[in-house]
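Working notes, structure below.
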Amino acid sequence: MAPREQAGAGAAGGAADPEADIEAPLISYSSSFFFQDGAAAGAGAGPGGEDGSGDEEQRRNRRRFLLGGQLQSNATSQVALVGTDFCPIESLDYELIENDVFKQDWRAQGRGHILRYFALKWALCFLVGALTAAAAFVANLGVENVAGAKFVVTSNRMFARRFESAFLVFLFSNFLLTMFATVLTVYVAPAAAGSGIPEVKAYLNGVDAPNIFCFKTLVVKVVGCIAAVSSSLHVGKAGPLVHTGACIASILGQGGSRKYRMTCKWLRHFKNDRDRRDLVTCGAGAGIAGAFRAPVAGVLFALETVSSRWRSALLWRAFFTTAVVAVVLRALIDICKRGRCGLFGKGGLIMFDVTSGYVNYHVIDLPPVITLAVFGGVLGSLYNFFLDKVLRLYNVINEKGRTYRLLLAATVSVCTSCCLFGLPWLAACKPCPADSREACPSIGRSGNFKKFQCPMHNYNDLASLFFNTNDDTIRNLYSNGTDHEFHITSILVFFIASYFLGIFSYGLALPSGLFVPVILTGAAYGRLVGMLIGSQSTLDHGLFAVLGSAALLGGSMRMTVSVCVVILELTNNLLMLPLVMLVLIISKTVADAFNANVYDLLVKLKGFPFLEGHAEPYMRQLSVSDVVTGPLQTFNGIEKVGRIVDTLKATGHNGFPVVDEPPFSDTPLLYGLVLRSHLLVLLRKKEFISSSTASASDASKHFSPEDFAKRGSGKHDRIEDIELTAEELEMFVDLHPFTNTSPYTVVETMSLAKALILFREVGLRHLLVLPKTSKRAPVVGILTRHDFMPEHVLGLHPYLFKSRWKKVRFGKTAFSNFF
């Protein structure tokens, strides 16, 4: 291929530059959202996207992408939808940079330093667990008190037969809470919108974005989550707590926040992507543990859902972190039991305590359970399908500006309030059961029996479901011995309403989660199935509700092991294990025939360049040389300062091969790879030499490892901020002490599939491609995340669209045609 030969010779021109990694620090996403041809991604496209493409065309591309349309076949993204804003993204580098400065620092470290390093790892895990538990406790307590006070005021006005006043209080309180969360998110921390799980999942896969883990995102996530969940929107707090735990872990890992003067110098050892990745993984597991008081489920969630790389040492630290969460939550709950947590401090942190006394099943119960699981898988896949369409519409609206985001949130809030207040009027009043274990009706408190418009000693079963927090409603549906407390029509109405309200509530510009709404909708679905076919079974309707939650979670999120443990830890009953396992296996299998799980859909919808754990079948037909194109930017071992500055200004590349040429070597020889961030440090420190001869000075005397430490997530130095005189531009810099002399390399004949597995498993940012023969240039290209994206590969080789291997992976099945 001619372009590849030009790349090996360092010629200009060609198609997509192999060094044009996705991490180019863009100044404006509007001018560089998508590259429409290979040249735009090469040396001609600078950090500002100076490729001549018009803003109008870029806006059309963005809108087309948001609506689900296809772009040019080889288009690739340098930005992604983070929260509600498009932000530039970059790759993380988990590879150790083995240059002379690093080696000298490592040799100077004694046994005490190593022991201190490992002790700090465990100390950080303890802090992550304790702080995440505190954040979960504050979030739950805030929702219980804010939402509880709202429901008490509304119920008191209903009890006084002041229905119009009650509706206005309910409507405006929900509206104010929704707008508070939206304004806070839109104007302070747009990255805090949504659940945050797709961002955490992408980060652990090797993709970083600005502000996803910063301090203001953490604060807005917690405060906004309390307001959003309290506003009666069908959103949950489990997803935001996962993001909260990841934020806490990242902030601790980077040594605090310089902006808010909260830094610790002793945390400098963790200023690298490898250690931060482990901490963020522990933080994500701690979030689930804090949301459900389920420490084992938190570990399994991190392993099964968000983490792309796992090892036994990380498993042990994650387990320790979630155990700390459980202990701290237990201590805080004991404080609430003494009446020190406000009016409604006892209902949060959902634990449903399904007793073993009524969990008794037989072979005759299997057909209804299997039926529930099959239709749960179908409903879960439909949930994902509708959610994807709604989110694409919301993204187009949100892209129009802040005003439209506020209007969208206001519209959904008003419609939700009208729905929640209006639908209970359709339900008939039911007399209070004589054998009720709690007060009926429940006035001024949470409970199964809401009076609403009914006379005394009667209750409205549909209002009992709508006029409660999500946690209390789930507890009501899971309750045993309540087979006759809910009418089948009320359960049907509640199921349909919660199913679609959960879809329309997610995607607003505020912190929101999917986990709890899916559990709630699944509980209503399980109750409905129990009422329809429960006569053929000996199972309690409350148990059907638990299994319904498992079925919808398996159908939507496709998590099996972690969801199974979540359900068991929530219900505190191990006897349900066989039924829950059966339901999850069937529902996931059925749903997999239709579409992907909800978090994979969200990652794709947001535009994150996510590397899957498997290679596409067509990649085995290609070698790495088939996707490597020129031109290739390289530096000499001793390079002129002016050329380095010109190259950094002209390109957005983040890695440059260093090639030694005569007289430093007999023939051109690859010395290693130098990073853009390290070059910026060298230019800023201005330790230059006057001639192009090897420097005799010791680099460790002028530079320390702290100079090259990774900054916070999404923060980068800019070449434009460095001022150099004309005399300094004519000087030289010795790159040898700062070059990674052992970068990962592959020969150009290696299959693209094998290179992908190596790239993902090791966690690389750059993979050098070497020639097959020694007669060519020492390096022919660089593979980055961009080169493994299907859009890029299929754009270079469109014939693969028609190949049978392409159809194996992307061909539509009979099931998918159903949609």
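Cβ from N, Cα, C; glycine included.
Pulled from TrEMBL, these are the features on record:
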- 117-139: transmembrane segment (TRANSMEM)
- 166-189: transmembrane segment (TRANSMEM)
- 279-302: transmembrane segment (TRANSMEM)
- 314-332: transmembrane segment (TRANSMEM)
- 344-363: transmembrane segment (TRANSMEM)
- 369-386: transmembrane segment (TRANSMEM)
- 406-427: transmembrane segment (TRANSMEM)
- 486-507: transmembrane segment (TRANSMEM)
- 514-533: transmembrane segment (TRANSMEM)
- 545-568: transmembrane segment (TRANSMEM)
- 575-594: transmembrane segment (TRANSMEM)
- 739-799: domain 'CBS' (DOMAIN)
DSSP-assigned states of the domain 'CBS' (739-799) in counts, ordered helix, strand, coil: 24 helix, 12 strand, 25 coil
Paired segments the transmembrane segment (486-507) and the transmembrane segment (369-386) in contact, 3+ CB pairs under 8 A: yes
Annotated stretches the transmembrane segment (575-594) and the transmembrane segment (406-427) touching (3 or more Cβ pairs under 8 Å): no
Which of 166-189, 279-302, 314-332, 406-427, 545-568 contacts the transmembrane segment (369-386) most, counting Cβ pairs under 8 Å: 545-568
Contact call for the transmembrane segment (545-568) and the transmembrane segment (279-302): at least 3 Cβ pairs under 8 Å, seq gap 6+: yes
Distal contacts, the transmembrane segment (406-427) - CB-CB under 8 A, six or more residues away: 167, 170-171, 174-175, 178-179, 182-183, 186, 231-234, 394, 397-398, 450, 452-453, 460-463, 466-467, 487, 489-490, 493-494, 497, 501, 504-505, 508-510
Recorded stretches the transmembrane segment (117-139) and the transmembrane segment (514-533) touching, at least 3 CB pairs under 8 Å: no
Cβ-Cβ under 8 Å with the transmembrane segment (279-302): same-chain residues at least 6 beyond its ends: 124-125, 128-129, 132-133, 135-137, 200, 203-204, 213, 237-238, 241-250, 252-253, 270, 314-315, 317-319, 321-326, 329, 349-351, 515-516, 559, 561-563, 565-566, 569-570
PLDDT averaged over the residues of the domain 'CBS' (739-799): 89
